[in-house]
Amino acid sequence: MKWLLLISLVALSECAIVKVPLVRKKSLRQNLIEHGLLNDFLKNQSPNPASKYFPQEPTVLATQSLKNYMDMEYFGTIGIGTPPQEFTVIFDTGSSNLWVPSVYCSSPACSNHNRFNPQESSTYQGTNRPVSIAYGTGSMTGILGYDTVQVGGIADTNQIFGLSETEPGSFLYYAPFDGILGLAYPQISASGATPVFDNMWNEGLVSQDLFSVYLSSDDQSGSVVMFGGIDSSYYSGNLNWVPVSVEGYWQITVDSVTMNGQAIACSDGCQAIVDTGTSLLAGPTNAIANIQSYIGASQNSYGQMVISCSAINSLPDIVFTINGIQYPLPPSAYILQSQQGCVSGFQGMNLPTASGELWILGDVFIRQYFAVFDRANNQVGLAPVA
């Protein structure tokens, strides 16, 4: 009888996990290259990827760089309204707002994407509260509204979200996503909007106050965001838990960054944000420049750090030690291969914090390590992908 009860509890736990599949598409960068627009984009955009993090007044204005999303390849589908209107979004642990284009937006970027129409939803409730998210060449401005958001099998009712009225530049016209679904803490949400996952938990729609992410390395499909639980089939060994050092982003403390047993950065410890909404692995400019030089990467006319694909067979691992556990990244992880050749998965940025230099552990890292974002205990769980 005890075994039957245990089996039933395990089955109940598995059923309680809501999985949202992510598909892999061409990135915004690749689309801009194919349309001959990347050089113009780079001329007009702020070169600082750090602009996404720590805005001056997060309750009023969230500052983000479009360049953070340029190499994103993983996207999921949500529905907003009754009946649901579908949108392709980035599930972004590095921001906290949900926003999508609306019919109020006539910018070129909006015209090429799905736009939310409040008049076609029987459950929409409008507000007169503005929202503004600043980018390098202008702002996404709009209004906040409430409606039911369908995420996987979850109907997240009375969810606040942004309806864009203007979107910056024509470059988002080629973006493979409609909007952003932020999964960071409410402390960094623009206009004080309650994030989607917080609302799910407050409404009792998930069984555990956590979500987890698996990013597939090579398949067009297979990647997934899981709400309310952990599926151990996606990782090997045990999850190692790392305390969140500052609630806002999913920020943790890193002990060191080494190569060939030698510290190449973060020798006295540093901070890192685990961010599904940043494709590359970003760190202090000087440290990244040294890494790029060591691995033989050089900048091309598109601003990418290109590298010989043969280097994958000869370069060493780069090892992040976090909470006493080593997390190696092999060259096959930090060198990104495509039909056009190979590029470095590292990106330089300067954003010192009160606790030391800051790194961003983006998709280059998460493809290697299954990640659990545990709000109940304010910790991140990491384990090698299966």
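The backbone N, Cα and C atoms fix where each Cβ goes, and this holds for glycine too.
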- Task: Tell me, from C15, C110, which cysteine Swiss-Prot puts in a disulphide with C105.
- Result: C110
- Message: To the nearest Å, how far is the Cα of C342 (disulfide bond) from the Cα of D275 (active site)?
- Response: 23
- For C270 (disulfide bond), what is the secondary structure state per DSSP, taken as helix, strand or coil? strand
- Note on the structure: Going by C-beta under 8 A and a gap of 6 or more residues, the same-chain neighbours of D92 (active site) are I180, L181, G182, L183, A184, D275, T276, G277
- Within 10 Å of each Cβ, count the other Cβ atoms, then let me know which of the disulfide-bonded residues C110, C266, C270, C309, C342 comes out lowest. C309
- Task: List the same-chain residues at least 6 positions away in sequence whose Cβ sits under 8 Å from the Cβ of C105 (disulfide bond), in sequence order, or say none.
- Result: R115, G142, L163, S164, E165, T166, E167
